[in-house]
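One structure is given here, and the rest of the page talks about it.
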Ligand code: ADP
Ligand code: MG
């Protein structure tokens, strides 16, 4: 068996060898092919290498050319850039110098500003200090002002009390006497029985400031000198200024809460209207500056009242005016207007109110703001005043003219202690205030248009009261006897009314002098109208006007008798009040 097995394996090996030899030949063939290809490739490579060598040269040339171009380009850009840089540098330089200057400037300015700020701060500090000082000073001043105001108030009250005492010492009724100068019309012959005498001879003289001397002579008798004493006697040379100087203190009393009446008494032509109004003011109030010195008591008193009011707190006072004429015992409202606004006198009546005051219902009261408004109104009123030429004087007034200024004082608070220290006045005015307050409210319901123009809205305040004081300025009608004026008929009737009212006035003054319980105010419209300013604590000044000529002796003596009688009232009052009799000095 064994040799068989060896035969098999050697054939396998031979086959195997053949296979390997075949594979070897295939490989060798393949190598040859590859070597051929390789040679071809080498050739191609050599060719390409040649090509590549040529291209590199070209590239190098191109590169060189490109490099040169670039160089060229670069150099021009560089030049440009250089220029630009140069310019930039220059700009930068100028910018730098500008910035430098600017910063220097800014530095300088900021320094200046800083100094200014510092100075301002210092100033403010100083001002603050000064302000503080001022505040302290202002506070001190305020305090001292308050003290001074309080002291002033006290002094004011004292002044009022003293002023009133002074006026009372002088007499609540004062009688002054004015002798006018002799005038051309004094030469004309009168109706005296005694035609042999020199009519223009002067018989009345001011012996001194308080005495008037009258030479009384009758035919066949030795002349007798009679003297009369008054609080003040004015000679014929004394000016309107001098007259008013003695009247002015009464106006202070008016604003202190007292009613005041100033009246001129005397025969026609004795200077009543001249004294009360002035020469230009009877019917014509247009006066020049020079004529202003001739103004009488009425315009001057009004000016003084407004001056006194201007010293008071604004709005606390207002003034109303009424102008009436008492003619033939009738009262005429000279400021009343009809529906067309035309002025004409309307008859009014005087009544006594429940409170015992005199009142003229529906009387026109015009509110005035100053003296010229007042004069304008009075002028309007005067144009209606009834005049009638008598034989004594061509412009004699046959009526009593009563110009009334009503001063309304607005008082705040519960009492008048602050305004009127003196207990009596304060109480009196307290009573009157509540009266006038309600009265005013009533009046306003049926008021005349002019009343409505007063500041009634002020009355709305409950704590506010109104006090009214009156200044009555009276130009009385002539006091002459009927026989002397040479009148008859209607004029005689006029004269008789005038004489009756004047004697009623004398009776009122007489009754007051005797301290009678009943004062006959209601015997005439004149006294009824003047009731509140004649008697009581009202201040009355009677200006007795005297014509100095012989021709008027009888009338002058009558007027001096009236003045003397009125003056006794004052004496009576002083005695009653235990005041010392005033010394004769002015
Ligand atoms: P009465 O009003 O009393 O009738 P008047 O005032 O009209 O009197 O005066 C009569 C005249 O006398 C007027 O012309 C007036 O100018 C003049 N007269 C009065 N008093 C003086 C005086 N003191 N000084 C100058 N003239 C006066
Ligand atoms: Mg007159």
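Cβ atoms here come from the backbone N, Cα and C positions, even for glycine.
Bear in mind that TrEMBL entries carry predicted annotations, made automatically and left uncurated.
Worth saying up front: this structure is predicted, and the values here are computed from it rather than measured.
Residues or ranges marked as ATP binding site by TrEMBL: 266, 267, 268, 269, 270, 271, 272, 273. Counted within 10 Å of its Cβ, the other Cβ atoms near residue 272 (ATP binding site) come to 29, all protein chains included.
Residues or ranges marked as coiled coil in TrEMBL: 138-165.
TrEMBL lists 446-456 with the feature compositional bias 'Polar residues'.
Annotation comment: TrEMBL describes 172-569 as domain 'Kinesin motor'.
The region 'Disordered' annotation in TrEMBL covers 438-459.
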>> Radius 10 Å, atoms counted are CB only; among the binding-site residues 266, 269, 271, which position scores highest?
In response: 266
>> Taking ligand 2 as the reference and 6 angstroms as the Cβ limit (strictly under), which binding-site residues among 267, 268, 269, 271, 272, 273 are close?
In response: 272, 273
